[in-house]
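Residues or ranges marked as ATP binding site by Swiss-Prot on the basis of sequence analysis: 26, 27, 28, 29, 30, 31, 32, 33. Positions annotated as GTP binding site by Swiss-Prot, on the basis of sequence analysis: 77, 78, 79, 80.
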């Protein structure tokens, strides 16, 4: 098989938002858990280790619940010889009932699976007293029927975790769900730095509107305060540099699977300078195509 081979026979294509029900199965060590996390990233409600006997009940519940549950993924593994027959029958029943499940089967070469199990010092769930290779062979036999039902076949032999995640997100994720989201948070240093901040910048080098009587009681969300802050020497360079920094790093964050970035801007109390800068920075990031919002942690605390 070629590197990262993904086979998607037939129509319709499972990409986009048309798919409402996904069944994930495949060999142990093949990457089911990574597939599950990737589906969660793009908005699926994921049920892991679901007994195949409950698949129809879960599908009916998801359809009745509506909302986020309409995009449901069920992750199944093999634990008994009855698994393969039961799973094939359950998938056929789902199709006959009109649920239209898309079946994802993850696989990898035997030598790759052996290396993966040895690297984490785990035994194969079906090897018993035998060797790893014995457990893999037993599982392949049990999964043969399920593999034949697959709509999407993913060979993970030459994929790392991030590559597999991106492949699944490309197949099943709406564009909005795959986008990196940036939250620009204003804060006051006297209340502490936001613990979840990925970036922190200090706006206290700018003159403080607190010392301007007509601005003191207003916040950085008010145009008069914002104009005062952004009109100060160095303010434009500060915002532009921070925006350039964030734009330069977002592509790398997306490749690594990061979905949320928090960029913090602080001033003394989190009322004037940091608020104005955060609003302006979020607006500029949106102009470059990023999904950016501004939040003001410490407004109202003074």
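Every residue gets a Cβ built from N, Cα and C, even glycine.
Non-local neighbourhood of residue 26 (ATP binding site): 32, 104, 105, 106, 107, 143, 147, 154, each in the same chain, at least six residues away, with C-beta under 8 Å from its C-beta. Apart from the site residues 26, 27, 28, 29, 30, 31, 32, 33, the chain places the Cβ of 77, 106, 107, 108, 156 no farther than 8 Å from the centroid of the site's Cβ atoms, the recorded ATP location. Separation of the C-alpha atoms of residue 31 (ATP binding site) and residue 77 (GTP binding site): 11 Å, rounded to the nearest whole number. Each of the binding-site residues 28, 33 was scored by how many other Cβ atoms lie within 10 Å of its Cβ, and the smallest score goes to 33.
Remark: residue 29 (ATP binding site) has 108, 113, 116, 117, 124 as non-local neighbours, by Cβ distance under 8 Å and separation of at least 6 in sequence.
Within the same chain, residues at least six positions away from residue 27 (ATP binding site) with a Cβ under 8 Å of its Cβ are 106, 107, 108, 113, 136, 139, 140, 143. Less than 8 angstroms from the CB of residue 30 (ATP binding site) sit 106, 107, 108, 113, 156, each of them six or more residues away in the same chain. DSSP gives residue 26 (ATP binding site) a strand state. A simple way to gauge crowding: the CB of residue 77 (GTP binding site) has 19 other CB atoms within 10 angstroms, across all the protein chains here. Across the structure, residue 33 (ATP binding site) and residue 77 (GTP binding site) are spaced 11 Å apart at their Cα atoms.
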